[in-house]
Amino acid sequence: LYARSTCTKVLYTTVPDSMRPVRSKMPPKKTPAKSKSSLKDPVKVFCRIRPVQNDNDVTCMKVLSPTTISLSTSDVGSNHRVGNCKEIQYTFKHVFDENSSQKDVFDHVALPLVENLISGKNGLLFTYGVTGSGKTYTMTGDLRNGGIMPRCLDVIFNSIAPFQANKFVFKPDKMNGFEIQNEADALLDYQNKTYSVKALRTPLRKNLSDPDLTQRTKDVTRVENVDEDNTYAIFVTYVEIYNNGVYDLLEEIPDDTIRNKQLQLKIVREDANRNMYVHSVTEIEVKSTEEAFEAFYRGQKRKRMAITTLNAESSRSHSVFTIRLVQAPLDSSGENVLQDRKAMCVSQLSLVDLAGSERTTRTKNTGQRLREAGNINNSLMTLRTCLEILRENHLQGTNKMVPYRDSKITHLFKNYFDGEGQVEMIVCVNPRIEDYDETVHVMKFAEITQEVQVTQPLSQKLDFGMTPGRRKVNQLFKQALVAKMDDRAKGDGPNSDGIGLVYCLGGQFTSLEFTEPSEDHVIKDIISILEERMNKKNLLLKDNTRQWYEFRNKLIEVEKENVLTTQGNRILQATIQQEKQKVTALESNLMSSEANVMSLKRKVEQREATCVTLKKELENEKALLSQQLLDKAKLRFMYSDKIAAYQEKSALEIQKKLKEQETEFMNHMKDQEHKLKKVKRILGKDVPTPLAKSTTNLYQMPISSEINNINAQGSSQNSKRGPAVCNPRHRRSRSAGDEHWLDHRPEAVVELGTVMQPNMKRRKSVTKLTDVKDVTGSKMSKYCLMTQEQDSSGELETRLYKGDVVPTVGGGAQVIFNDVETLKQQSPTAVPTRKRSLSVGDRKDVEAACAVALDGHKKARI
């Protein structure tokens, strides 16, 4: 490199042709195909003990060394009674006690997996334990104490940040592979993706429940053995295995489907390289840890969580967060990605947070929680069975089939146990004495897992025989071109070509050895070389002096500019101070305004809550009112049928009684006739029959004077009074004039609205028969009794009982009823009632009607 310095400290560089990157594509020299290693390593199992939350809790675990713990307890059973004490020791790769930090766990467990990931190897990490043992905290942690997952992302991006490819250069092919695109196609896909997102939906606001990532403590660790001649891209996926079904937590689905947890079930398939993967899973390309966290929190909201007896936020599914690192070498120019899929290397790190094993006797789960616990325990049991068979195949040399397909969790990670990656496990335990039984099972599972031998993975990187360091050479070449363009733009005199003088006095001296006296040309050559060197030295001194003066002048100008800039900075600082004061005043006003707005919002929320409460109360009242109306209608319908049935029953009873009375009356009349016949024979003269047998004279009402009644009652109190004797031959002369009517009506009578009214020209209206003369008067020849009642259909029915007033032998009078007139009104829109056959029972009891009409005149009878 030939270079010179100027007063502006710009390095003008020219690169010889021998060091410029060759842009012609060299034929690749590929390494042989990857073969499985014959070396095997056991699964690394680590143990982490959760700190005791309550000081009163009794522990059953003690750390003996960094790799050994002892599990000791009495034969306590369920009530912790002291019995025969026994102690069991377990050995792990490393034991993290209660004082171990998240950083310690990451450095021992996950950092080697991240280094293998960057070097092209796969990795799998499980967290296993009972519910509430700290698995999720170990995997994710919090903002201040990040877990394994955020620290893995930090280390990866710290290591490959300068060498990341642009987005969409690596594009997933939906079949567990990737395609390589050039920069133009990648930019076109990026624009299409951006425009489609803007056209379809508005950008989603950040949820207030998400943690503030600016407060997160980052891990600054980085991996050193990063190949700078490769370009890298990071893709993340997040799935959960719930009830032995695989669901994509990053799938783009509507919000209502998310709220209802209606995620689409995914299928586990095998790709062309016989690697297991989740078909059509969403792979998101991320360029920083913050982008990966946004995807993680979006999937975390869809994850199945529930409250159980042992844990307030218990995972009801196995979650798998996968980090896929795609790397491909640069071409010979060191600028673009080599467009060859065979040169691409894809490695992945799967972080699995297994759901806790549960016992129903402790959790008291029922219904959906019980079903979830059963599926969790079945999947963990399948994992244990697979590990046991793998251990048996290794120890006994058998070749039994491993039942990977019995559970999705084992089927998905089948390749790791077959030697396609390194497998590690963190066993999280709770040292409380109450969890002793579950802890024993966890320790037994850890023992089995440590004895499983897994084939060591091989690196997937390929060597194409390209010159190393081509990326750095390309960057230096670009910097030199930029410096040369700047120098030409400034135009620095004769040296504006950007090459400048070569600070060198010349090549080496020629040989000064004289072999013969006649070799004078050697001295001449030396003289010419020295003269040339002297001239070159003078030229270089002049150029050096010129550059020194130019640098001095530039330095003076820079100093002047510095003074002016200092003065301007002071003025700007004063202005900034004033603006800060204004901003402080505006912030105070803004704070007060926000406080007012918040108070108004609270009031609005209270009013809305009150409105909602009142609306609910109104709806409840309406529902109650409608229910009451419905109940009333039901009661009305039910009792209407009962009333109709009761009326039918009463009618039958009245008909029966009426028949009995008719029979008794006929028998009595026969006795009377027999007695009259005897009297007739004794007297030898005709005696008129007291009661005609005409059907029109069935009902008679004799009414005598008060004196006759009193004498009759006094003479015979215990004997029944027979019918009054009348003179049927007594007839009022028709020539005496028109008939006179005695209109007997009750006081509370409803006015008749009928068109045709009873025809009574001469009448006397009374409401009560207070005087016998009202009937025995010489002018009264007709009697009319009015009754009103309600029929079965609720309509008003008016009846007029008509009869003739006939004087009796004792000086009184009797009424012989011979006609009944019925006046009835009915609405044309009324619902017709059930028709019944007309019977004798439908006729009203005249004796009862007369008794009501006469208002207690018990002396009148039929």
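Counting begins at 1 with the first residue displayed.
Just so it is clear, glycine is given a Cβ too, placed from its N, Cα and C backbone atoms.
As written in TrEMBL, here are the features:
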- 18-39: region 'Disordered' (REGION)
- 22-33: compositional bias 'Basic residues' (COMPBIAS)
- 42-452: domain 'Kinesin motor' (DOMAIN)
- Gly129, Val130, Thr131, Gly132, Ser133, Gly134, Lys135, Thr136: ATP binding site (BINDING)
- 569-635: coiled coil (COILED)
- 710-738: region 'Disordered' (REGION)
- 710-720: compositional bias 'Polar residues' (COMPBIAS)
Report summary line: Using a 10 Å radius on the Cβ of Thr131 (ATP binding site), the other Cβ atoms enclosed count 23
Query - Other CB atoms, at most 10 A from the CB of Gly132 (ATP binding site) - result: 23
**Report entry** Fewest other C-beta atoms within 10 angstroms, as judged across Ser133, Thr136, which are the binding-site residues
**Finding:** Thr136
Query - Residues satisfying Cβ distance under 8 Å from Gly134 (ATP binding site), sequence separation of at least 6 - result: Arg48, Arg50, Cys428, Asn430
Query raised in the report: Mean pLDDT over the coiled coil (569-635): what is the value?
Result: 93
Report task. Show which residues of the chain containing Gly129 (ATP binding site), separated from it by at least 6 in sequence, have their CB under 8 Å from its CB. Result -> Lys135, Leu354, Gly356, Ser357, Val427, Cys428, Val429, Asn430, Val442
Query raised in the report: Using a 10 Å radius around each Cβ and counting other Cβ atoms from all shown chains, which of the binding-site residues Val130, Lys135 yields the largest count?
Result: Lys135
